[in-house]
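If you look up Swiss-Prot, you'll see Thr12, Arg82, Glu83, Tyr134, Asp243 marked as sn-glycerol 3-phosphate binding site. For Thr12, Thr13, Ser14, Thr265, Gly308, Gln312, Gly411, the entry in Swiss-Prot reads ATP binding site, with the evidence type sequence analysis. Among the features that Swiss-Prot reports, ADP binding site is placed at Thr12, Arg16, Thr265, Gly308, Gly411, with the record citing sequence analysis. Sequence annotations record features per position, and here Swiss-Prot assigns glycerol binding site to Arg82, Glu83, Tyr134, Asp243, Gln244.
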Amino acid sequence: MGGYILAIDQGTTSTRSMVFDRDMRVIGVGQREFPQHFPASGWVEHDAEDIWKSVLETIRLALADAGIAASDIAAIGITNQRETTVLWDRNTGEAVHRAVVWQDRRAAPVCEDLKRRGLEPLFSKKTGLLLDPYFSGTKLKWLLDSVSGLREKAVKGEICFGTVDSFLIYRLTGGRRHVTDATNASRTLIYNIEDNAWDDELLSILNIPRAMLPEVLDCAADFGVTDKALLGAEIPILGVAGDQQAAVIGNACFEPGMMKSTYGTGCFALLNTGTDRVASTNRLLTTIAYRLDGVTTYALEGSIFIAGAAVQWLRDELGFISVASEVSALAEKADPKQRVYLVPAFTGLGAPYWDAEARGAIFGLTRGTGPAEFARAALESVAYQTFDLLDAMRKDWAGDNGKTVLRVDGGMVASDWTMQRLADILAAPVDRPVFLETTILGAAWLAASRAGIWPDRKAFADHWRRDRRFSPDMEESERKNAIAGWRDSVGRCLSKRDN
């Protein structure tokens with residue numbers, strides 16, 4: 001067995017696998033997209049078999065690209081779209097329903113009922129989360145209540161529940177391991193992040209059988225070995241983390257006060273608060289950043305549902321661009337005198353508003369508004385939403401000194417225009433790393449460090465390199481006016497607003 005690391009990044013619209021060598025260099029890549037399904041308004045589903053096939057295919061592509069065999073891989077690390085809920089038959093490993101994706105809003109009535117019963121403070125205290133259909137627990141309750149015969153099978157222990165990582169590990173190990181890691185468990189709405197255990201009281205409220213839940217491990221742990229029949233070798237799976245927590249690790253945000261923001265389909269900002277669990281008073285989430293050697297590190301998180309998806313909307317629904325990479329050049333052509341705001345509440349609004357019923361809108365249209373102004377508004381909406389998150393974090397985090405530097409990653413950060421606009425709106429420096437795929441790098445480090453191949457946290461942090469720092473360059477009066485316009489626009493989109 002060689003010293004190579006295989007990392008798998010299973011995302012919302014595609015799966016990517018990478019092979020890293022001992023020096024943390026990428027030597028092989030495989031990527032495949034897979035379809036999403038929208039069976040009803042507000043519903044988003046994946047076929048779990050599509051996910052599984054994309055994982056196997058990208059692994060084989062990455063190995064071929066690297067020119068190595070599976071037997072040369074020392075360890076596997078997995079990172080995944082969080083909250084997406086998968087149910088499968090314990091005996092066959094076959095999914096019993098399409099995966100309900102994190103973006104899916106069908107459980108909104110379940111959340112509203114729990115809120116009416118005054119239960120949100122209890123859930124928040126135990127899990128650090130809010131009652132929103134974004135999280136797995138209410139999706140799971142909906143499935144158990146709605147799919148005929150499912151609850152009876154779950155009670156008998158015949159059905160497994162898991163986030164995507166858990167499903168993949170089950171398949172990769174030939175059904176021998178039903179496990180997950182602490183970061184993914186912390187996003188389910190049924191995991192007590194103080195006790196680091198599934199919470200019986202919350203399970204009882206949601207009527208979820210404990211028999212269907214996976215075992216929860218540290219992020220760097222022994223998750224099992226791959227079935228030799230799949231890849232031709234038994235490879236240990238040694239690292240697992242939800243995608244946003246993996247990006248915290250990949251960005252080397254190991255110290256309290258360090259902050260990262262990932263820009264993919266959505267946008268997710270996490271602020272490391274160390275071993276202190278900070279309870280937000282500004283509608284942020286308290287979550288597990290990572291758990292290593294039995295020690296839990298916490299984070300404040302703000303979740304934005306639509307970031308890169310707004311660019312996809314410009315491309316797919318409006319036809320303003322042919323490929324996503326064209327959007328920055330188009331935005332640069334926008335009339336600077338027009339102030340157009342896009343509130344991309346296509347599936348509701350996330351932090352700090354948490355309004356499942358909010359819907360998107362565009363404000364400030366004139367006869368001269370065209371594709372360029374739409375493009376700029378779409379990119380600026382990401383900056384404004386990030387400002388909302390950073391503003392809330394500064395209010396919650398006692399350690400904030402007003403000198404926050406934001407480390408960024410994800411597909412959107414390749415755009416210099418977007419990153420400069422982000423720095424301008426935040427009035428804070430934005431650091432873009434040399435290696436942009438920090439999510440998959442984080443998964444690779446978890447596995448490689450567990451295998452003893454890559455360095456410890458400190459040495460890994462020293463290895464992090466900045467490509468460019470974007471410093472704010474906007475007049476304060478202009479910035480304040482722009483933010484005021486944004487907040488007025490958001491206020492008009494909220495489902496419950498002052499008239």
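Residue positions begin at 1 at the first shown residue.
Cβ coordinates are placed from backbone N, Cα and C, and glycine is handled just like the others.
On the structure: features taken from Swiss-Prot.
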residue	record	DSSP class
Thr12	sn-glycerol 3-phosphate binding site	coil
Glu83	sn-glycerol 3-phosphate binding site	coil
Tyr134	sn-glycerol 3-phosphate binding site	coil
Gln244	glycerol binding site	helix
Thr265	ATP binding site	coil
Gly308	ATP binding site	helix
Gly411	ATP binding site	helix
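Taken over all pairs of the listed ADP-binding residues (Thr12, Arg16, Thr265, Gly308, Gly411), the Cα spread reaches a maximum of 17 Å, rounded to the nearest whole number. Note: the CA-CA distance between Ser14 (ATP binding site) and Asp243 (sn-glycerol 3-phosphate binding site) rounds to 13 Å. For Glu83 (sn-glycerol 3-phosphate binding site), the nearest neighbour among the binding-site residues Thr13, Arg16, Gln244, Gln312, Gly411, judged by Cα separation, is Gln244.
Shown in sequence order, Gly11, Thr13, Ser14, Gly264, Gly410 are the same-chain residues outside Thr12, Arg16, Thr265, Gly308, Gly411 whose Cβ sits within 8 Å of the Cβ centre of the ADP site.
Cβ proximity to the glycerol site centre (mean Cβ of Arg82, Glu83, Tyr134, Asp243, Gln244, cutoff 8 Å) flags the following additional same-chain residues: Gln81, Thr84, Trp102, Arg187, Gly242, Phe268, Ser303. Comparing Cα positions, Thr12 (sn-glycerol 3-phosphate binding site) lies closest to Thr265 out of the binding-site residues Gln244, Thr265, Gly308, Gln312, Gly411. Sequence-distant neighbours of Gly411 (ATP binding site) (same chain, six or more apart, CB under 8 Å from its CB) are Tyr263, Gly264, Gly308, Ala324, Leu436, listed in sequence order. Within 10 Å of the C-beta of Gly308 (ATP binding site) we count 21 further C-beta atoms, all protein chains included. Of all Cβ atoms in the protein chains displayed, 27 besides its own lie within 10 Å of the Cβ of Arg82 (sn-glycerol 3-phosphate binding site). Cβ-based crowding with a 10 Å cutoff singles out Thr12 as the top-ranked of the binding-site residues Thr12, Thr13.
Summarising the environment of Tyr134 (sn-glycerol 3-phosphate binding site), the number of other Cβ atoms within 10 Å of its Cβ, over all protein chains shown, is 30. Here the binding residues for glycerol are Arg82, Glu83, Tyr134, Asp243, Gln244. Their largest Cα to Cα distance works out to 15 Å.
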